[in-house]
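S.K.: Provided herewith is a single structure, encoded as structure tokens, for subsequent inquiry.
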Amino acid sequence: MTLHCVVALFALISSCLATAGPEPGVQCALSPVNASHPVQALMESFTVLSGCASRGTMGRPQEVHVLNLRAADQGPGQRQSEVTLHLNPISSVHIHHKPVVFLLNSPQPLVWHLKTERLAVGVSRLFLVSEGSVVHFSSGNFSLSAETEERNFPHGNEHLLNWARKEYGAVTSFTELKIARNIYIKVGEDQVFPPTCSIGKNFLSLNYLAEYLQPKPAEGCVVSGRPQEKEVHIIELIAPNSNPYSAFQVDIIIDIRPSRKDPELVKNLILILKCKKSVNWVIKSFDVKGNLKVLAPNSIGFGRESERSMIMTKSVRDDIPSTQEKLLRWALDNGYSPVTSYTVAPVANRFHLRLENNEEMRDEEVHTIPPELQILLDPGALPVLDHPPSGEGAARHGGLPFPFPYIPRRGRQDGGKDRLPRPKDPVVPSIQLLPGPREPQEAQGSRDVALSVRCDSEKMLVAVEKDSFQASGYPGLELTLLDPTCKAKTNGTHFILESPLDGCGTRHRRSAPDGVVYYNSIVIQAPPSGDSSGWPDGYEDLESGDNGFPGDVDEGDVALSSRPELVVFNCSLRPARHPSRAQDPPTRNVTFSMDLYTTDLFLAPAQGVFSVAENGHVYVEVSVTKADQELGFAIQTCFISPYSNPDRMSDYTIIENICPKDESVKFYDPKRVHFPIPQAETDKKRFSFVFKPVFNTSLLFLQCELTLCTKREKEPQKLPKCVLPDEACTSLDASMIWAMMQNKKTFTKPLAVIHHEVQFKGPSTKESNPISPPIFHGLDTLTVMGIAFAAFVIGALLTGALWYIYSHTGDSAGRQPVPTSPPASENSSAAHSLGSTQSTPCSSSSAA
């Protein structure tokens with residue numbers, strides 16, 4: 001009986017592994033997408049029809065904002081009945097305190113949903129709406145001081161504007177727009193606004209906008225409609241807009257929601273995104289739980305905390321191809337199969353992914369367990385045995401009629417601290433069938449690896465000593481977090497890994513009484529020949545024979561390059577109960593700045609986009625203005641990246657942890673500037689480097705992180721001690737790096753790369769031409785005109801002088817007596833003299 005059960009179990013496991021493997025081929029017949037397709041392509045735009053803004057209400061008790069809505073271009077039966085009005089202050093106002101009157105005119109009754117940010121409570125606000133319309137307030141405190149009244153507004157822009165002026169004296173803003181689901185209005189007054197509001201067509205202002213979503217044509221197919229443990233969706237975008245010459249990076253939003261309002265939807269998702277243009281994929285998920293992994297060759301970002309209902313990880317893969325056939329083959333070859341859907345859109349900047357609830361997944365386990373194996377974890381699913389085993393065997397086997405072997409996991413501590421969450425009465429306490437959420441531990445799973453973990457309200461920082469790897473025989477390693485794009489930085493002594501609390505695969509759970517435990521894992525991997533799959537557990541691509549049953553090769557014999565090792569770490573945070581004055585950030589009286597220059601004189605900083613040629617010099621000046629003379633700063637990190645997001649690291653590093661990494665870095669010694677204000681001064685640091693053509697793109701970004709340091713021996717605010725770059729290359733430890741991360745400021749400067757040959761001023765070689773090229777000096781226009789005018793005046797004066805000489809010498813020669821009988825030689829001489837004297841002015845000028 002026992003033998004039959006063991007054979008049945010092995011057959012069951014083998015069938016599960018076989019059915020989970022990649023399909024031998026993928027068939028996908030493209031057709032225009034319809035409403036049933038899971039992915040929809042849209043174009044999001046922000047515009048208004050007409051409008052104006054003014055500062056006419058600055059001396060009056062309230063602001064007046066007028067919204068005149070027009071009917072949208074919709075078919076019969078599709079009239080929109082709800083509008084969300086987003087209100088927040090203009091950029092020059094932090095918290096808005098002034099009373100406001102809103103005139104909300106619409107061609108049909110509407111429900112206005114109000115969403116506000118940075119508007120003070122307790123301030124009078126009046127909403128005048130068309131007949132039949134209502135206003136719903138999202139905040140109860142806001143509604144206490146707000147009133148709503150129905151009015152019969154006049155028709156037409158000018159009539160409505162004149163009505164508002166007659167009623168309130170002046171108007172702050174007037175906006176005409178078609179009915180939209182989302183309208184964004186920024187309240188506040190600015191001196192730069194004109195004195196009166198004069199309505200103009202194509203009114204363009206970031207303060208008054210409406211959002212419109214227009215469906216765009218796309219093609220796609222549903223490859224696999226069967227319920228799967230994970231869904232794989234491939235989206236290919238040809239261009240983010242209709243302008244083929246646009247070089248700016250565009251945000252492409254992926255909006256993930258359930259297709260219908262289910263009680264709860266849990267999914268494992270993989271998104272493979274492809275666009276040849278420079279785009280930034282922004283992933284947002286709502287009302288869906290589970291794991292989401294995003295793969296793209298472009299920049300990947302996630303929405304705000306309220307827009308991330310799933311556990312999100314990302315992987316930037318440069319080897320993702322284009323076209324339908326190659327993308328499907330790439331997904332199959334990399335283990336992302338079966339593919340659920342494929343979608344290609346010529347033009348779009350937004351995609352909606354709607355998920356069906358075709359599979360129930362438990363909250364506690366993101367990785368679902370096949371129903372056939374549920375009996376191994378749930379003893380209640382087994383039939384009651386007539387003669388159950390008793391004694392030690394029953395305790396060891398959990399009531400099963402056969403022994404189940406222990407499955408070791410590489411780098412796990414004994415005692416089962418790193419296990420799946422179990423039912424109250426687990427069958428086999430040591431069983432390890434599938435990866436799951438790990439219990440937080442200070443450090444798990446690596447032998448003799450010394451690390452330290454720090455965390456604050458924004459990020460976690462892990463420092464791992466390099467010597468501990470070398471002592472354990474691990475040379476030449478690559479360290480990442482669960483998200484493989486979050487790679488370790490290095491200095492002379494440590495690997496440094498940084499993770500935001502909501503990124504890089506970091507998870508969290510509540511701990512008593514009011515704390516939060518954040519945990520992640522360090523993935524230790526030898527330099528691979530290709531990119532890994534990047535799943536958080538590192539066990540996605542299990543080959544046949546890796547199931548851990550007897551007969552397999554011992555995991556201790558497997559080379560490190562074939563199986564990554566995980567080191568789990570965690571950090572606990574609790575809210576500060578008694579904040580003291582010493583905990584105030586030292587940056588409250590500090591101002592940072594960074595400028596780029598074209599020469600080492602550092603005279604006039606470059607404005608706008610900085611143009612740099614290949615192998616040309618870039619001169620950088622960073623400065624800090626502070627009141628504390630013992631406060632210093634350092635250039636912690638500088639790198640060049642094709643992405644504007646400073647969190648996206650790049651291999652082109654100029655400075656790392658104060659230490660220069662590029663051999664062309666040269667530092668300069670600027671003078672300290674003292675201000676007339678007592679105890680105020682500005683410290684500057686200057687350096688230059690030679691720009692190398694590493695990236696094949698014309699728009700790059702110089703990212704620099706500045707950090708505060710102290711010149712004192714003891715610092716109450718726990719700032720790191722200021723060190724020189726040469727010293728930082730050898731003596732920087734984990735505690736100093738952690739302290740620097742707490743008070744850093746990031747600057748981003750765009751660089752426009754000029755792709756042409758530029759003569760590099762360097763030392764000449766023997767092969768170079770010893771004859772220097774001729775140098776042509778040019779003059780400006782005014783100088784040339786001055787020289788020409790002076791030459792004209794000189795020529796005129798010279799001509800007049802010659803005429804004067806001619807007129808006087810000609811008269812005297814004509815009055816001379818002629819001898820009556822001169823010799824023949826004298827006659828010819830006299831005739832020749834007379835002929836010469838009676839020449840033209842030009843010939844006289846030539847003779848002279």
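Glycine residues also receive a Cβ, built from the backbone N, Cα and C atoms like all the rest.
When I checked Swiss-Prot for this same protein, it listed these features:
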SIGNAL    1-20  signal peptide
TOPO_DOM  21-784  topological domain 'Extracellular'
CARBOHYD  ASN34  N-linked glycosylation site
DISULFID  CYS52-CYS197  disulfide bond
CARBOHYD  ASN141  N-linked glycosylation site
REGION    390-448  region 'Disordered'
COMPBIAS  411-425  compositional bias 'Basic and acidic residues'
CARBOHYD  ASN491  N-linked glycosylation site
CARBOHYD  SER529  O-linked glycosylation site
CARBOHYD  SER533  O-linked glycosylation site
CARBOHYD  SER544  O-linked glycosylation site
CARBOHYD  ASN570  N-linked glycosylation site
CARBOHYD  ASN589  N-linked glycosylation site
DISULFID  CYS638-CYS704  disulfide bond
DISULFID  CYS659-CYS729  disulfide bond
CARBOHYD  ASN696  N-linked glycosylation site
DISULFID  CYS709-CYS722  disulfide bond
TRANSMEM  785-806  transmembrane segment
REGION    813-848  region 'Disordered'
MOD_RES   THR837  phosphothreonine
S.K.: If you measure CYS704 (disulfide bond) to CYS52 (disulfide bond) at Cα, how many Å is it?
M.R.: 39
S.K.: Could you round the CA separation between ASN570 (N-linked glycosylation site) and ASN34 (N-linked glycosylation site) to a whole angstrom and send it over?
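M.R.: Between the Cα atoms of ASN570 (N-linked glycosylation site) and ASN34 (N-linked glycosylation site), the distance comes to 46 Å.
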S.K.: What's the CA-CA gap between CYS52 (disulfide bond) and CYS722 (disulfide bond) in angstrom, rounded?
M.R.: 52
S.K.: To the nearest whole angstrom, state the Cα distance for the pair ASN34 (N-linked glycosylation site) and ASN696 (N-linked glycosylation site).
M.R.: 38
S.K.: Which of these recorded positions is closest to CYS659 (disulfide bond) if you go by CA atoms: CYS197, CYS638, ASN696?
M.R.: CYS638
S.K.: So among the glycosylation sites ASN34, ASN570, ASN696, who's got the most Cβ atoms within 10 Å?
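M.R.: Max Cβ neighbours within 10 Å, all protein chains included: ASN570.
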S.K.: Can you give me the same-chain residues 6 or more apart in sequence from CYS638 (disulfide bond) with a CB-CB distance under 8 Å?
M.R.: VAL620, THR653, ILE654, ILE655, LEU702, GLN703, CYS704, GLU705
S.K.: May I ask which of the recorded positions CYS197, ASN696, CYS729 is closest to CYS722 (disulfide bond) if we compare their C-alpha atoms?
M.R.: CYS729
S.K.: Tell me, roughly as an integer, the mean pLDDT over the topological domain 'Extracellular' (21-784).
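M.R.: The predicted confidence over the topological domain 'Extracellular' (21-784), as a mean pLDDT, is 75.
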S.K.: Translate the DSSP assignment of ASN34 (N-linked glycosylation site) into the three-state scheme.
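M.R.: DSSP call for ASN34 (N-linked glycosylation site): coil, neither helix nor strand.
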